[in-house]
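A short write-up of the structure that comes next.
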Amino acid sequence: MPNKPKGLLIVVTGPSAVGKGTICRALLAETPGIRFSVSCTTRPKRPGEVDGVEYYFISKEEFERRIAAGEFLEWAEVYGNYYGTPRGYVEEVTAQGQDVILDIDRVGARAVREQYPDAVSVFVIPPSMEALRQRIAARGTESPEAVARRLAEAPEWIREGLTYDYVIVNDDLARAVAELRAIIMAEKARTVRNGAALIETLLEKGALTDE
């Protein structure tokens, strides 16, 4: 029998506070069969965050130990804090044929896309810079200087979105979630349609002949 096909690796990124995490969580809540890779970080928890749900919150020393041990699929330092994607979980789940979503920053997304060219890349953008400013300010965790810095960097982020497979404008959560779901369904259908290699393998093994 042919090997079980690997699951999709879906990379979702976008400017800070664009709402990519909210989109991913909403999709996971109503779409069975998709797994979420929880990243590790050294940044402090924000109000309402739970260890192991939004992130695994670990010390800088522990993070650096895991870097040295090669335990991260990708990692980056962003605004003075480390962020990284555990390698073992992603490789294990996709090998089992399950789809995995990564909600990561653009530096990490770039690293994953280089390692996994077949990954499905999705870039989330705000409907306007004013909407992004309001979302950053609404967090209540950023200083005015930090808000200004993130807004100044946003155009560069958005230009990078030109290299992604798909772009979602997050002006309505339900619509954004529906678009992400449609992207995943289309990609899964595409992998099924591109089944020539499987047929060739079965023919070579004689599974589709009368011999």
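Numbers here mean position along the shown chain, with the first residue as 1.
Yeah, the Cβs are placed from backbone N, Cα and C, and that goes for glycine too.
Feature annotations, courtesy of Swiss-Prot:
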type	residues	note
BINDING	GLY14, PRO15, SER16, ALA17, VAL18, GLY19, LYS20, GLY21	ATP binding site
DOMAIN	7-185	domain 'Guanylate kinase-like'
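Same-chain neighbours of the ATP site beyond GLY14, PRO15, SER16, ALA17, VAL18, GLY19, LYS20, GLY21, judged by a C-beta within 8 angstroms of the site's C-beta center, are, in sequence order, VAL124, PRO126, ARG135, ASN170.
The local packing around GLY21 (ATP binding site), expressed as other Cβ atoms within 10 Å of its Cβ over all shown chains, amounts to 16.
Looking only at other Cβ atoms within 10 Å, the busiest spot among the binding-site residues ALA17, VAL18 turns out to be VAL18. Applying an 8 A CB threshold to same-chain residues 6+ apart, the list for LYS20 (ATP binding site) reads VAL12, THR13, GLY14, ASP103, VAL124, ASN170. Of all the binding-site residues listed (GLY14, PRO15, GLY19), GLY19 has the fewest other CB atoms within 10 A of its CB. Sequence-distant contacts of SER16 (ATP binding site), defined as residues of its own chain at least six apart whose C-beta falls under 8 angstroms from its C-beta, comprise ASP105, ILE136, ARG150, ALA154.
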